[in-house]
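Residues or ranges marked as compositional bias 'Basic and acidic residues' by TrEMBL: 49-60. Residues or ranges marked as domain 'EF-hand' in TrEMBL: 100-135, 136-171. Among the features that TrEMBL reports, region 'Disordered' is placed at 19-60. The repeat 'Solcar' annotation in TrEMBL covers 206-292, 300-385, 397-485. Residues annotated as signal peptide in TrEMBL: 1-18.
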């Protein structure tokens, strides 16, 4: 699939047509049709035909804007701008679509304008496409220019670029993707995030795996630095109750007294080891699911991305879930209980059987949807708000904006899915807690609500939130440094 930039430069010339009443009085009808006032719904300009049951004397003309092949572009415009999902595009939706799309077009125009002189020439088109891995001759570039050049100067200014492409719905802007990486950068120790998109250039040049390696390394460092808080969270999820009100300072004191300072990092080894297989499986599954969805867009829309990401996350989690159980058991173990990860795995297998490695699997799978959905939705909302308000000459948000967006979205996602995470951890730890009965997910929810109230579903939330900001900050710094070491180009 050719890059979105190539789609911009090689798309068809726009055409416009108007459908009016069948009596031939098109001009009169158009002139007689008033524009809608503020907050007033105008006539449908694209989409389904108007209701045939209306009085012919009251029918307004339907304006049909056709861009390129009529069977493709209008449908895409309707899909891109239809906010109320009624299959039609009214006047307000169409105006909103044009305003939003114009901002995206300006960003692409800026990225093409290598000389920064406000005009695009043939050499700049050749160079930009070459950067994306598409080689064309200067003659071909001139042919592209001629299709957009209105005044014969063989250069394109902003107005010519905008007028030509304004009705071409494009949702993927490579420049935006390069700056707004999310789950690859921000590792807070959770495995429920939606994978990042990669541009065609990144996939063709092999930069995608370098991003994954950099993200994995960043995750390993950030998880190791915040491992004491993560272990404290697990202990509070399993052992804290009304009768055993474990606080943060008391929890740390108890861990150090029982096993020394090194005990603060129990379970961290396997937590780091599972990053690589989980990331690789999730990425491969995500790419395959994108193909099954059958979209011809380089970037998925948010609901498609949530679907593909949730399914990819479920596949990856199913593959590495025994490591999740091992991580919990290792974090809860007492000094001298196991000699290592393999000893722990053998012990669980011999005493509890293979089924023990999938305890808590159902609440873990259910937790993927609220976590990934809210995390993605909040991040995309914050990103789009920033782009709408501040992205004039560049899509680069800067470090602090990225950190703020990542921290807020991750925190919201964790808050929504935390009760399921707590139930999952307790089910994973059942056999390691003396006298703990075998309970189902539903039974455990009822027991917690009955004995501890709704607050009991959020045991350990404080240390969990305490680790978000340092984890996000550390992973971002390490990610950027590893990218430089691996030679990853962001532009």
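The backbone N, Cα and C atoms fix where each Cβ goes, glycine too.
TrEMBL: automatically predicted annotations, no manual curation.
Under DSSP, residues within the domain 'EF-hand' (100-135) fall into helix, strand and coil as 23 helix, 2 strand, 11 coil.
Break the repeat 'Solcar' (397-485) down by DSSP state and the numbers are 74 helix, 0 strand, 15 coil. Per DSSP, the repeat 'Solcar' (300-385) is made up of 73 helix, 0 strand, 13 coil. Taking H, G and I as helix, E and B as strand and the rest as coil, DSSP gives the repeat 'Solcar' (206-292) the counts 73 helix, 0 strand, 14 coil.
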